[in-house]
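The block underneath contains the structure these notes are about, expressed in structure tokens.
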Amino acid sequence: MTQARRPLMLIIFDGWGYREAKEGNAVMTARTPNLDRLEKECPWCFLKASGEAVGLPKGMMGNSEVGHLTIGAGRIVNQDLTRINISIKNGDFFKNPVFLNAISNVKANASSLHLMGLASCGGIHSYMPHLHALLKLVQEKDLKKVYIHAFLDGRDEPPKAALGDIKKLDAFCKEHGNAKIATVSGRYYAMDRDKRWDRTKLAYDALTRGVAPYTAPNAETAVSNAYSRGETDEFVKPTIITEQVITEQVITEQAEKPVATVQDNDSVIFFNFRADRARQITWAFVKDDFDGFMREKRPEVYFVCMTQYDETLEVPIAFPPIKLENVLGEVLSKHGLIQLRIAETEKYAHVTYFLNGGEEKRYKDEDRCLIPSPKIATYDLKPEMSAYEITDEVIRRIQSGKYDVIVLNFANMDMVGHTGIFEAAVKAVEAVDKCIGRIVEVLKEKGGVALITADHGNAEEMIDLKTGEPHTAHTSNPVKCIYFGNSEIKALRNGKLCDVAPTILELLGIPKPQEMTGKSLLVKD
């Protein structure tokens, strides 16, 4: 009979940052008897989870993709944002053959170039200077028909930052060529990642058919009208920007038409660099066997992805992935360990794809468990999300005695934190606390151990103290790392997210591969 395994668990609280001040701090406000007890009884430390510690520009907040990638890699990896910034600075961006091919296609067909993506300075899914660089490039190449399809943020920026962003973008367009904003749409629609295809279809139809819930004479008015309807940036319904129809210098009775829609032979550059929320609308454009919704129109276009969104798609990629060798999952597999990755829908890609170095592949003896996220409009309506279901399932898996290593993500503090609803975020923290209490009790019975940490901050800063408005973005605050288990380990040193994987390997008695430059957090006597 095979001896039952005593698992090592890596438990990631998405959005669990540390901030001393209690005002606007859902983590400090919540009743968390289990976490309080763990922090009192167990060794713990702080980890840097933002900026240069995770391969981002100095001072930039972390995010889930970057956090999980860094945790799994065991090293600091220059993130796509940083890679693209460097290419702009050294000029390689403007010589990128994929961009140049898209421009050549437009010139050869006398067609249009469409630049679509999140028009945000947040730096999580996209970065406004990248769009600016594209506009400078097309100005240099003297393209006449250039259109922007602006997705609005409201999560990685304040809920009403888009109006100012759009004004600045409009001014930049006037200074650098003649690009026009053709549509605006909240990311809730254009960047859904949970196969809520009705949302994606609204954005897709706006881009391809010029059909949307609303129209406006310009992008600034589109955003202002949305605010008047009670919509914040994330939830702005797709809106077509229209222009008056002039025939023989006379304005016709029909009065207006869309500024532009995506047509056959056009080029499209999707300038988001983060994959998870770029996939669905990309699939709608490029997949022959797409079945998410009925496409009334499917234009044949030259479609460029800024980075690799889906390795199964044969599309041009401006910045292809850099392969990471010997990430945590690979090392565990090579040593014959059986591992489990478990999360709900919102963070499933993070404990699989991103933790595995940005690759879809599943390693030998790597089991995966997806718990569906609740089908609701916003997670403040159900702050516990699917945490209780995840906990029930992971306890069952622990008790099975099958696994050596279990990686679990609780999405609550991040996803509810993004809503900006303080009371809901407090409930989210309390739900996770109940879950961790149950899990560590079972681990204790089985002789298991756990590292409990986070990928970035969020719920600890729910109010912008300068404006008094809800704070919906991530933070650059440090995160905690708690060790639960073997009493021989007395202390952890402060470190970075890249130190988590080397710590796990030391706990398992596995040599750290040379590619991992992070260092174990365990303090030796």
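These residue numbers are counts, starting from 1, taken along the chain as shown.
Every residue gets a Cβ built from N, Cα and C, even glycine.
Together with H125, R155, D156, R187, R274, A275, D276, R277, K347, the substrate site in Swiss-Prot holds one more listed residue from R193, R341, which is R193.
The record from Swiss-Prot ties S64, D455, H456 to Mn(2+) 2, and of the options D14, D380, D392, D404 it ties D14 to that site too. Take the Cα of D455 (Mn(2+) 2 binding site) and measure to each of the binding-site residues R193, A275, D414, H418: the nearest one is D414.
The two recorded residues D156 (substrate binding site) and D414 (Mn(2+) 1 binding site) have their Cα atoms spaced 11 Å from each other. Close to H456 (Mn(2+) 2 binding site) in the fold, though at least 6 residues off in sequence, lie D14, G15, G17, A49, S50, M61, G62, N63, S64, V66, G67, D414, H474, T475, V479, each with a CB less than 8 Å from its CB. Remark: R193 (substrate binding site) has D276, R277, R279, Q280, E346, A349 as non-local neighbours, by Cβ distance under 8 Å and separation of at least 6 in sequence. Taking a C-beta cut-off of under 8 angstroms and a sequence separation of 6 or more, H418 (Mn(2+) 1 binding site) has the following same-chain neighbours: R155, Y379, N458, T472, A473. The most densely surrounded of the binding-site residues R277, H474, judged by C-beta neighbours within 10 angstroms, is H474.
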